[in-house]
Amino acid sequence: MYRLAVETTTEKAEIAAPWLISHAWVIPLLMVLSFVTILLFGKRMPKRGAEVGITAVGAAFVMSCITAFQWIQHVEKSLEGEGGSALSGLGKSLVFHGGVGAESGIAPITQTWDWWSNGLIRFSAGIQIDGLAVMMLFVVTFISLLVHVYSTAYMEHDTRYTYFYAALSLFTGSMLILVVADNSLMLLTGWELVGVCSFMLIGHWWEEKPNSNAAIKAFLTTRTGDIGLLLGVIVTFFAAGQTFNLTEINEAALAGRGGHTIWLVGASLLLMGIIGKSGQFPLHTWLPDAMAGPTPVSALIHAATMVVAGVYLGARLYGVFWQGFSIADGGMNPMAIIGAITIIVGALLAFVQDDIKKVLAYSTISQLGYMVMGLGVGAWVGAIFHLFTHAFFKALLFLGAGSISHSGSHHSFDMKKDMGGLRKFMPITFATFMIGSAALAGIVPLAGFWSKDEILATAGQSGFHFFQIIGIAGAVLTAAYMTRCIYLTFFGEYRGHHHPHESPKAITVPLIILAVFSTVAGLANAAPLGIEKFMEYVEPRQAFPEVVVPQFEGLLAAVSVMAVLLSVGVCSFLWFRKDQLGPFKGLTQRNAAARGGYTFLVNKYYLDVLYTDVVVGGVKGPLARSAYWFNQNILDGVVNGIGRGAPALGRGLYKYVDQGTVDSAYNGLAKETGEAGGLLRRLQSGQVQRYALLIVIAIAIFSIALILAK
């Protein structure tokens, strides 16, 4: 079905990399410096550190935009043949379906600093800038900038306002480190820093037990996946010939160095990291609980950091997955299967949530499933394009939920109890939320339609028709649960007990900006319009083969859109014309199967019960009993034995060492000293004549001794 064509070009001269691209390390450094500055001096600043964070992320965003512009120029010059950077190393492309596709790849621009080497193994820090990194730099800094501005109003009265901005800066900087890393160790460093920052921010209000529990759950669950990632880094290091360099690992994987088995093991271990970080089934359970953190943090986690880090890992080391899972063969593989399961699992759970943030959280799980499935079916461009568009409309939806909580429901996120009818009170929030929901559902011509359709088209053209059907089913479910969410929140009568009003400009302006991007971002890679910028500027064809250039399928797009619109229509009827708060209430009461299914979903497939009661309980119980037995019979036995033996030992030491040896020695010395003193006292009579006689006798003896000596 596929064959790999490899070509090498060495005749052309190198193009000098633009300054900012070769110094892109400045971008994450700005955010790290912002973190340090706010932490040390933020409380003494007029805006309590917010001005530093906003300035730093604003500068990082501007630099990211300039970097993107310079990268586009660099690619165009390379493809025009003005230099050799188009293929400074190894150019790879894919020839498929009998067609010819030997396009040149654009080599990434790298800069590396060695900090330790023993001749065989080299540890270094470095940056790698290519289309993928440039796109991620833009997304992370753009979303983070809007979140920073939004938080000035949302977090205004928070007691740890300065700490929040410091952590937000470090969170952004950590993700940027991960993005620009040129080796797996540096990527792992950014990966773990992102995890630590998410722990800090999810548990921001740690005084409340559920919040701290949610932070711990997120940290420990993602650590489970991180074990696989760490082992995967080790396996790929040895499989690639003892190198941590990401490009070299991809090249070694594509060349099949070391055999297929080693890359299958490496890909499986790396997939564990993706499952944990990107909330894929079955390690998705931490993500809804993470809604305990401030809403701006939720927006940043779900749109541009943390959960997308896993998808980025899959895209960056795609050569490993391509080789390890034999994606070119067009069969079932773990990556596609996990993504497909997650699409449906997340979408179904979103149906039974009353908390608007948890609806969006399960929506993120489902959409991340699209990205992972896309990578699994060879839709590299589609998966990354969906990451790009998803960032805008998911940030919009989360910040919209925050706006509702801030000004419409008095810090509540319960749609049934404290919302309803808010479109009359919050027109800007309503309009922007509608745009975000339509983009998420994949309604043409909004951003989500183009990226989701590209994944589905690639799946079909690559022979993954089953996953194409799963993708369409997921789109139908997405439209349905978002329709429910909209009606419960914005239609009907207001069910709260406060006075809703529109949010301040610091909140609504970011919503408007994100609504614009949620509308037009899809045009960055709209194949029917002849626009394929992601194919031209983002896909790193030098690092791994191009899978499929999907052809736009009008019939597929029409079927997908019609299915989505039908879903919206049916759900609108159910929630708008019937009981708005529970159109299926009677069904679940009358039908045992429906009631059982609903209960199954409400309890989240009982996965939390499985993990806490069965897995953790099954391990914790025997482990605790074993530890108790060891403590009682071994440790306590040793301690008690020492306790019982100590008095006897003390008595023996006192009798034989202290009294028999030490005291006897000192007493004997004192006695002998006394006797010597008595003898000397008899010599000291006080009579001068005796002293003179003794002196004469001594001189006489000394003289005789001298004479005899001669």
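Glycine residues also receive a Cβ, built from the backbone N, Cα and C atoms like all the rest.
Feature annotations, courtesy of TrEMBL:
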type: DOMAIN; residues: 115-165; note: domain 'NADH-Ubiquinone oxidoreductase (complex I) chain 5 N-terminal'
type: DOMAIN; residues: 181-478; note: domain 'NADH:quinone oxidoreductase/Mrp antiporter transmembrane'
type: TRANSMEM; residues: 20-41; note: transmembrane segment
type: TRANSMEM; residues: 53-72; note: transmembrane segment
type: TRANSMEM; residues: 132-150; note: transmembrane segment
type: TRANSMEM; residues: 162-181; note: transmembrane segment
type: TRANSMEM; residues: 187-206; note: transmembrane segment
type: TRANSMEM; residues: 227-246; note: transmembrane segment
type: TRANSMEM; residues: 335-352; note: transmembrane segment
type: TRANSMEM; residues: 387-404; note: transmembrane segment
type: TRANSMEM; residues: 466-490; note: transmembrane segment
type: TRANSMEM; residues: 511-531; note: transmembrane segment
type: TRANSMEM; residues: 555-576; note: transmembrane segment
type: TRANSMEM; residues: 691-709; note: transmembrane segment
Same-chain residues at least 6 beyond the ends of the transmembrane segment (227-246) whose Cβ lies under 8 Å from its Cβ atoms: 120-124, 128, 181-185, 187-188, 191, 252-253, 257-258, 262-263, 265-273, 275-277, 313, 316-317, 320, 543
Helix, strand and coil counts within the domain 'NADH-Ubiquinone oxidoreductase (complex I) chain 5 N-terminal' (115-165) (DSSP): 29 helix, 11 strand, 11 coil
Proximity verdict for the transmembrane segment (387-404) and the transmembrane segment (187-206), three or more C-beta pairs under 8 Å: no
Residue numbers, six or more beyond the limits of the transmembrane segment (555-576), whose CB comes under 8 Å of its CB atoms: 441-444, 449, 452-453, 456-457, 460, 468, 472, 475-480, 483-484, 487-488, 491, 583-584
Across the domain 'NADH-Ubiquinone oxidoreductase (complex I) chain 5 N-terminal' (115-165), average pLDDT on the 0 to 100 scale: 91
